[in-house]
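Input: a single structure, listed below in C-alpha cells.
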Amino acid sequence: FIINLYLLLGVHCTQAQKATGKQIWWDLAQNELAAALNVRRNENVAKNVILFLGDGMGITAATAGRIYKGQQKGLHGEEGYLAWERFPNMGLLKTYNVDRQVPDSAGTATAYLCGVKANIGTLGVGPEVMVEDCGASLQPEHQATSILKW
C-alpha cells in the first residue's frame, strides 16, 4: 500500500515532455498495431513456464508503476511499458477470496494455481473449508488440484 501510495502521489513531481502534434499518437498506434499483427504463433511444446503473481498488482497499480517509470526518464509515463507488458503471451486473472474482497496470498495462489476461489487463510482447498478447519482440509473432495502437479 505504501509503495502504491508513493507511486500515485509522486507521479506529479517530474517534468513531462510535451507531445508534438497529433501525428505522434497516430504513428504510435500504427506501430503497436503492426507489431501485434506480425506476432507469429508459437505452437512448440514449452520446456519451462514462469508464473508471476503480484499480490495487489492489478491494472491500476501497473499503470501507476508504468507512469512513474516513464516520469523518471523525463517522459509522461503513459507511453512506456513495463518489461512484462511486452511478453508475447500473458493473461489477467481476478484473484479474490470467497469471503473477502481483499485477498491474502494463500487465496490468490489457490485461485491462480488451482482455478478455485477459497476462503481467507486457506491454501489449496475449495470454499467448503473455513480457516483453521483442519479436518475439512484433509478431506480429498475439498482439496484442489494444482497445475504444478500436471
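In case you wondered, yes, glycine gets a Cβ from its N, Cα and C as well.
The feature signal peptide is assigned by TrEMBL to 1-16.
Residues or ranges marked as Mg(2+) binding site by TrEMBL: D55. Other Cβ atoms within 10 Å of the Cβ of D55 (Mg(2+) binding site), summed over all protein chains shown, number 12.
Marked as Zn(2+) binding site by TrEMBL: D55.
For S105 (active site, phosphoserine intermediate), the number of other Cβ atoms no farther than 10 Å from its own Cβ, over all displayed protein chains, is 12. If you look up TrEMBL, you'll see S105 marked as active site, phosphoserine intermediate.
S105 (active site, phosphoserine intermediate) and D55 (Mg(2+) binding site) have their C-alpha atoms 7 Å apart, to the nearest angstrom.
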